[in-house]
Amino acid sequence: MDVDSRMTTESDSDSDAAAQGGGGGGFGSETSSASPSAPGTPTAMGAGGGAAPIAAAAIAAAASAAVVAGPRPAPGYTVVNAAMEKKEDGPGCRCGHTLTAVPAVGEEGAPGYVGPRLILFGGATALEGNSATPPSSAGSAGIRLAGATADVHCYDVSSNKWSRLTPVGEPPSPRAAHVATAVGTMVVIQGGIGPAGLSAEDLHVLDLTQQRPRWHRVVVQGPGPGPRYGHVMALVGQRFLLTIGGNDGKRPLADVWALDTAAKPYEWRKLEPEGEGPPPCMYATASARSDGLLLLCGGRDANSVPLASAYGLAKHRDGRWEWAIAPGVSPSPRYQHAAVFVNARLHVSGGALGGGRMVEDSSSVAVLDTAAGVWCDTKSVVTTPRTGRYSADAAGGDASVELTRRCRHAAAAVGDMIYVYGGLRGGVLLDDLLVAEDLAAAETTNAANQAAAIAAASDIQAGREPGRYAYNDEQTGQPATITSPDGAVVLGTPVAAPVNGDMYTDISPENAVIQGQRRMSKGVDYLVEASAAEAEAISATLAAVKARQVNGEAEHSPDREQSPDATPSVKQNASLIKPDYALSNNSTPPPGVRLHHRAVVVAAETGGALGGMVRQLSIDQFENEGRRVIYGTPESATAARKLLDRQMSINSVPKKVIASLLKPRGWKPPVRRQFFLDCNEIADLCDSAERIFSSEPSVLQLKAPIKIFGDLHGQFGDLMRLFDEYGAPSTAGDIAYIDYLFLGDYVDRGQHSLETITLLLALKVEYPLNVHLIRGNHEAADINALFGFRIECIERMGERDGIWTWHRMNRLFNWLPLAALIEKKIICMHGGIGRSINHVEQIENLQRPITMEAGSVVLMDLLWSDPTENDSVEGLRPNARGPGLVTFGPDRVMEFCNNNDLQLIVRAHECVMDGFERFAQGHLITLFSATNYCGTANNAGAILVLGRDLVVVPKLIHPLPPAITSPETSPEHHLEDTWMQELNANRPPTPTRGRPQAANNDRGSLAWI
């Protein structure tokens, strides 16, 4: 193999005719020339669908922000005086190394917490020839490969301290000009060149999850990119490792290789991207934006000419990858530079031009602002390439840019801070650590939110055309908590602190709404009809479960749906040993969890003197505890994940959804029923949420304070009312100091299932540690095919798009966690414990993704069972929902709490008239958050607010009277209302608890249990 024993420091043969700045235009597949836009006219970056695939309004918003305020220039750097215990802890002088940011491990303040770190690996520590003289040609001094290292150094950002790591395991060989990227808390190393020539193509992983770091060599099947150096690598979409270009010892390359980290066995796949990509080159940089867009910047081509253009690479939903030229005019060509994203801004530093020359002065630091579609240097927006050098003493000159005049250095970002280490300047190796802060990061985020909101409105009005795709059916696979001294959880004493409007308290009798005297409306007769359709839907699934049990299949090893990218949740060892602490069957909840003696209620009136009034009612006024309403299970006809054209915009889908829908006070039902997201965006949102859900356990471990929500069933207006009255999950609301837990049944029955589920998923992606979702019985294809969600998807998105969306959502539902433990004292689930669940470990052992028909009786009981009519009915009884389902008595509740050292079960699943209902002497609470369920129940909706002191406060809203004029009176809405009414008439919910049951429901028979 023709490999030099050294790498020249700059260009092997230079040319003064450096490539000029990259062209403008939209960031899409139709951009094929480098002609710039009019000077100062920014364009936003998207991908995969033409010059301007994202909404024009969003582009205009970004451009407007750029014109009014102007994108911030590139920041200046300062030297960091880092500490180290001994000299060898510091990396020292070196170049050709890598610097990789690794996120924090654990919760800050908790034992074992490790803050964000920078991991420096390898590089060369010496030069060939006379290091005092800068090299000028191919025959002059270069990196001395005998001085290449395999050292690992760690910079702790929080403590500002360097240390040298000594990992166990088999380390990579010494090397420089290699690549590295982070995959979670692991650093992946590949390629490079060392004393023995080109390094092998093996992937080496430095695992930092344990206290003692460890090297692993990843086993990869089949052919790969082969040995090379001067190439680039990045993790795209938190999934695909992409390796591009470099030099194989003979020539520069332009090939693209991908490794799917979610598919085992691992294998490299050579990609053939469409569109105009970069020429064969080496010493470029590649950085991945958070939404999955990769930007390749600069480099040196086969003629040793430095390149100026930047290229974006994106993956379409149909599996295609596509190159597109980034907009804007680069201030300078460069190679052997460093680049890293901070939000939507790509920070580029240093670089060489060849012939001993480096990028200097204002152009030595540059930013590609992908929100505005422009390049900036330290002076201003760049409209023409900088051909000359700024004088250090000229007006506005900044001598600090001399710090960044270097090449062969490395950069990484932690939050809004950009770090640069080492490199080469004038033939001298550097050992300094630099830092800069991107002050524009917050502004970019705000601009993105604003643009997203405008884009959402534009989409609704214009009706965006979905991307190309096809589908087919395929079976796929926190803060410290203050508790009471004895550590117990408590159901109620002092009044919890008011939230938002709660300070307007009115407890006068004339304003109180007495729940026990509520009159039965016409809807009662309608609700009394047994829901035969729901019984049929669930009975088939239950029969399949029983058949498997008869055939001897283990309940704790349910069949799971599998997909190429499915990662099963970890199965924990079951321990069915009872804890020492036990509750007696006749006990009341011990000091610990307490139900507050007053519930907070919002007046039902929409206006007038009582409009929006909040008052508190005694819990004793909610004594009618036998009034629940019911409804409907699943064959999982899920579609294979199809890859649709994706728009690469910094206005990420979650931000767009939140900006469009999270309007607690101002949301109104859309006049047009067409949903504002297309399939591309639905797929993006589901992909992001699925990555989070798949990493969570089946039983979440949560901390107080927390708000708990019951069934929502597509009643998005009620969700907004609850957010308006009792706080919303946003930075302007209370997300910073209280978590949110939703107990399932997000879709079906109501008219806005799409709004409900997409907002909750967006909130989960935006606040993954603060917003928690578990699965309900309607999060299953068999059920939501019958009770509204499927027909809503088709009605609002068209048949093809709607069916695809319905399939994709149901595939996501199979990943949802199944229960949540709060402070190890309260367990939250959707249905109940039924006949089979005696220990929490049984739920923990359910592996996901899981479908209802592949699940066990444990899953059926968890999602479908109910408490008996009242505390006097013990044991197990048939359930009116359908054959094979059960209700469980207060003795089962007490036994379960005894077995698991728990004090309270919070569950949803049943429409209770007051929004919440106590059972088993207060050891179980049923929670329902949608009001006037199915338009007939006239029930209140409620949430539970659990404080740090473990006091539970119910907070209620009542049904609103119908508005006199609203968008709902439009002809389009009349059609929508007709199909929803017909659906509910054909598939009525189960009657309220305590009301007359259908004659054919033999609730006394135990023969089939």
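Heads up, the Cβ atoms here are built off N, Cα and C, so glycines get one too.
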Same Mn(2+) 1 site per Swiss-Prot - residue from D678, D745, D782 joining D711, H713: D745
Per Swiss-Prot, D745, H830, H909 bind Mn(2+) 2; matching candidate in N680, N777, N784, N870: N777
Spatial neighbour of D711 (Mn(2+) 1 binding site) that is closest, considering only the recorded positions N777, H778, H830, H909 and their CA atoms: H909
Cα-Cα distance linking D745 (Mn(2+) 1 binding site) and H909 (Mn(2+) 2 binding site), given in Å to the nearest integer: 8
Proximal residue to H830 (Mn(2+) 2 binding site) among recorded positions H713, D745, H778 (C-alpha distance): D745
The repeat 'Kelch 2' (240-288), counted residue by residue under DSSP: helix, strand, coil: 0 helix, 29 strand, 20 coil
Segment confidence, the repeat 'Kelch 2' (240-288), expressed as mean pLDDT: 94
Secondary structure composition of the repeat 'Kelch 1' (136-182) [DSSP: H/G/I, E/B, coil]: 3 helix, 23 strand, 21 coil
Surrounding CB atoms that lie within 10 Å of the CB of N777 (Mn(2+) 2 binding site), all protein chains: 31
Other residues, Cβ within 8 Å of D745, N777, H830, H909 Cβ centroid (Mn(2+) 2 site): D711, L743, G744, R775, G776, H778, G831, L863, W864, A908
D711, H713, D745 excluded, remaining Cβ within 8 Å of their centroid (Mn(2+) 1): G710, L712, G714, G744, Y746, V747, D748, R749, G750, G776, H778, A908, F928, S929, A930
